[in-house]
């Protein structure tokens, strides 16, 4: 296993719709293992394959003791929403804003062996699934912001020196920059709830 560098906003892979996984074997198993180790190294809540430069439909997650991975996920969201909660992203270090997400999510897909997987989540777990699946479609959480929050986020991104961040190791970046998914408000208009660790 290996701890991988996380791609930062501005990298084209983060704006690319990821390809479905079609081959199952040792290479895929290594990808999942490396993603899991990288996620754990930065105390992450989730990580999508494009964030480590692999344009495949894979994400890992770890929320409140529920952890795993999903390949080729398909999401079914509830019609209602949960309260807005501050999100951050490992690919946009140091930034956090409240994001509207559906209350619950049912995810179907397969595991690294091709076995069917179905998992349902509410609250933070549902939020994580929606956030990570967005990455697979080339969407960042800042794309979902509106009004003053969107303006503030775009301004912060323009003013940030992400080139220097990219040169750091993942571990150092996690310790010095941070990207709490609900642990603190980094300029958003909302207030943060309980700590959600780092989001992918």
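Cβ coordinates are placed from backbone N, Cα and C, and glycine is handled just like the others.
The Fe cation binding site feature in TrEMBL is assigned to 89, 131, 135. All protein chains shown were included, and the count of other CB atoms within 10 Å of the CB of residue 89 (Fe cation binding site) stands at 26.
Taken residue by residue with DSSP, residue 132 (active site) is part of a helix. Note on residue 132 (active site): other Cβ atoms within 10 Å of its Cβ, all shown chains, come to 26. The active site annotation in TrEMBL covers 132.
Counting only the Cα atoms, the space from residue 89 (Fe cation binding site) to residue 132 (active site) is about 10 angstrom. In this structure, residue 89 (Fe cation binding site) is part of a beta strand by DSSP. Summarising the environment of residue 135 (Fe cation binding site), the number of other Cβ atoms within 10 Å of its Cβ, over all protein chains shown, is 25.
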